[in-house]
Structures are given as structure tokens and as C-alpha cells.
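Notes follow once the structure below has been shown.
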């Protein structure tokens, strides 16, 4: 058995086409979804991510605004800019590109964003709503992962999901989203002693640890859905995931590649959240 490859880039394109249609309808009502992205400093990776977000906005018809600051900006000035954007009716979503310089407290910045414009889903209020199953903006990468699993037409309810990784960005929230879908969820991490025994029980295995090709075929239950969140650059310059793709291919039922797997879904779900925010606000732009 050779695994079916879940092509995240194709799923993302399909969802972006749907979003584009939604944006056209909103514009007919005088509503233009708007996303503001704040970039601090000159980090090449951050700039690359921001460029991808701008391109995504352009693709679906979302108004985007890039606000750039030098690395020397004070926390007070950055907070003031967020306050301004919170009060700007043209802006439905505010995203601060992380990481920030060490002298700025990320927690304070994230918590200053209005929960109604928290399209990253990082605000504690958004997290609390997600944990209790309330309607909220879901964090983009975890939301994208759930959507990719749904593409397999597997009924998630009652399935055993194992998550390797417990970060606040991916690991913890993705487990909660699967719990909200009535799955049974197990977390594995660096202190887990019997990891392979646990992962071999997984109907759905999510790997998000940042260790190149860590997960091999002996971690996988035959026919499992394997979602590889890791993006690692090898010495050769080639990108690879946390899963040894070629090694696992003959055991898994479904698997995401790296690149063109989870990555394209992250920005797509950000666009989705921005459009949803515009619908909720319902502000007609003049």
C-alpha cells in the first residue's frame, strides 16, 4: 500500500477560490475585508512570510496594509499602533509578525489586539473560546490541519489522534480542535517515555516538533493519516519535514508532503478568518 498524498497546495487553492467568491459578494454589499500586518525589523524569514500573506490577500481580493517598523521601535509605540488599528473600521484583522525583538514582550502585544480582529487566534480570549467550543477565530495552522484531515473524508469522531509536540502555536491547539471534533487525543513530547507505542495507536498522527525526519515507519499504524507540520532545511538546502516521507510512504494511508503540505493552508486560514471578521463587522466602506 502506498499512501495517498494530501496536496495542501491544491486544497488551499480550492479554498482560496471559494473565499474570492465570498469577497466579491461582500464587496457588492459595500464591505471590503481588510488585513493589517505589522512587521518589525529586517528578518528575512519574517519578510518572506509577510510577502506570502500580501500575495494571498491580493489573490482573494482582501485589502492589505503592511506597516513596517525598525527593530529599535519601543513597545509603547507598537502598542499605540495596535490601538490605532483596533479603531480603524477598514481593518478587520490585525497580525503582528513574530518573533519580535527581545525588548518587546510578545504577550503584551498579542493581548492588545482586539479579540474581534485577532485573526491569528492567539489572544487569550480567542484561546479560551476555542477551548470551550465557542465560535471564535481558530489558530491558522491547527485549523488548516483539521481541514486537510477532512479532505480524506475520514470521520474524525471517535478516532484516536496522537499529537507529537506541545507548542502553544500548533501542538496544544490542534489537539483541542480534534477534541472538539469528538476525537480521542493523546499528546507526546520530549518527556514521553513510550512514544512509539502511543503513535502506533494513532488513526491520525500530527507531527510538529522541528526535528528533521524524526518519525519513521516504525512510529506509524498501517493506514494512518500522517500530517507533517515540520519545515526543516537540510545542509543541502533542501526542505524536509519531521516525518521521513519516503520511509513512511508505504505504511501510512494518507500523508502530507513538505513543502506544499500544511504550509499553504496556514495563510489560507488567515484569509478565511479575515473574511469572517469582515462578515461579523458588516461595516460598509465608503
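From the backbone N, Cα and C atoms, a Cβ is placed for every residue, glycine too.
From a predicted model like this one, the values you see are computed outputs, not experimental measurements.
According to Swiss-Prot, the protein has these features:
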- 165, 166, 167, 190, 231: NADP(+) binding site (BINDING)
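This view paints the features noted in Swiss-Prot onto the structure.
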residue	record	DSSP class
165	NADP(+) binding site	coil
190	NADP(+) binding site	coil
231	NADP(+) binding site	coil
Cα-Cα distance, maximum over 165, 166, 167, 190, 231, record's NADP(+) binders, Å: 18
Long-range Cβ environment of residue 165 (NADP(+) binding site), under 8 Å and at least 6 residues apart: 171, 188, 189, 206, 207, 208, 209, 229
Close in space, distant in sequence - residue 166 (NADP(+) binding site), Cβ under 8 Å, 6 or more apart: 172, 187, 189
Listed binding-site residues (167, 190), ranked by Cβ neighbours within 10 Å, top entry: 167
Neighbourhood of residue 231 (NADP(+) binding site), C-beta criterion under 8 angstroms, separation at least six: 239, 241, 258, 259, 263
